[in-house]
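First comes the structure, then the notes that go with it.
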Amino acid sequence: MANVVVIGAQWGDEGKGKVVDIYTEFADNVVRYQGGNNAGHTLVVGDEKVILHLIPSGILHEGKRCVIGNGVVLDPEVFIMEITKLKANGYLKDDKMLLLSEALHIIMPYHKRIDIAREKKSGSKKIGTTGRGIGPAYEDKIGRRGIRLMDLLDEKAFTRKVKEVLEEKNLILTQLLGDQPFTFEEIYEEYMKYAETLRKYAADTSLILHQETKAGKSLLFEGAQGTLLDVDHGTYPYVTSSSTCSGGACTGSGVSPREIHEVIGISKAYATRVGSGPFPTELEDETGEQLRQAGREFGSTTGRPRRTGWYDALVARYAVRVNGLSGIAITKLDVLSGQETVKVCTAYNYKGQVLTEVPASLEIMEQCTPIYEELPGWNDDITGAKSMAELPKNARDYVARIEKLSGAPVVLVSVGPRRDETIVLRNPFELN
């Protein structure tokens, strides 16, 4: 039995959903522990494409319990839409296999309206929010003004708490942001309907996960976004509002750090970023567009084109350090097929100074230019490769170089979007 955390080792969109889908076969429980429906996991099962924003990817596997932990902020409407669609497609046959932490926070309609209005008002200083109310919901959580699932399920508590905050929210909307206010009645009517559906999924998930570990059952923690978007360790303020690093798996689920055995970081064979913020290896030329089209780099949540660039070994080393990565999974290696040469950033140039680690200062990082190591590319179609030996030598050398520069072993290589287009080098659920 092993408990494994899967996190993004870059700026999100690394292919975590596919890796989690593969690892779910070995797990008894799949746990989502942070973020909200600003995340989008795209899975390809056979010829079927499934996009999930809230519910853990493990839901596609019958007999696996899926848990949405206390660290998540949940939009009830989106959650209900997802379970409705999943059931219509033959998934989630047993409601008991999907649990919501009673302590998770609820995204309210004023969160979404504030989020959108603020972004419009930001002008050139936009963060790149998805406008789904994630940030404002976390603000209320930290400010001790949040509405938790347990509040939503208690009509009196819900009424009291919403009335306490609504006057302030309406002042922000009307006086500061020039938007429309809400009435308590419209919120109450909408959210009491949601409560009827959510009630059957609510549970003390921290206790249940504790009981599962004591019974020898395994846990797989499914992270959203990526390390460089972490609210503490990312490129602040161009970050998300939650703890995307491995430590967030414990605080966002109520599982002890002593119960974590492996942390696997997911990293594309190149790099992408959505929204604003520093991106030292960004390619704004024909090569960047080639990577965008070949990798279909458009957000599964927003549809926005992603910024593309070469692999950044400094970012990889940083992710290894702050997450304690025991392994790296490389995705989309196939996208690099056809490139005459491939590049890896091994250092930054900052005003003539060579930096070998990611700088803490955003202002410094914004002025860094990449120092590249160039490796020969390959033309072969590698999507059919079932082992490293079946890859072209140059592709193997590229993976080996990533491994050496990052400082963590490569445990999986994805050579295509399908579940079976994967080379598994080590299974983290098999403890030595």
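Backbone N, Cα and C define each Cβ position, glycine as well.
Feature list (source: Swiss-Prot):
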BINDING   12-18, 40-42, ARG306, 332-334, 414-416  GTP binding site
BINDING   ASP13, GLU14, GLY15, LYS16, ASN38, ALA39, GLY40, HIS41, THR130, ARG144, GLN225, THR240, ARG304  IMP binding site
BINDING   ASP13, GLY40  Mg(2+) binding site
ACT_SITE  ASP13  active site, proton acceptor
ACT_SITE  HIS41  active site, proton donor
BINDING   SER300, THR301, THR302, GLY303, ARG304, PRO305, ARG306  substrate binding site
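Spatial neighbours are here defined as Cα atoms within 10 angstroms of one another, and by that definition the neighbours of ARG306 (substrate binding site) among the binding-site residues ASP13, ASN38, GLY40, THR130, VAL415 are ASP13.
Comparing GLY12 (GTP binding site) with GLY303 (substrate binding site), their Cα atoms are 14 Å apart once rounded. Counting only residues at least six positions away in the same chain, the Cβ atoms of VAL274, GLY275, PHE298 sit under 8 Å from the Cβ of ARG304 (IMP binding site). Between the binding-site residues GLY15, GLY40, the minimum number of other C-beta atoms within 10 Å of a residue's C-beta occurs at GLY40. Comparing Cβ neighbour counts within 10 Å across the binding-site residues ASN38, THR130, GLN225, the minimum falls on THR130. In the three-state DSSP scheme, LYS18 (GTP binding site) is classed as helix.
Ranked by Cα separation from GLY303 (substrate binding site), the binding-site residues LYS18, GLY40, GLN225, LEU333 are led by GLY40.
In the three-state DSSP reading, PRO305 (substrate binding site) counts as strand.
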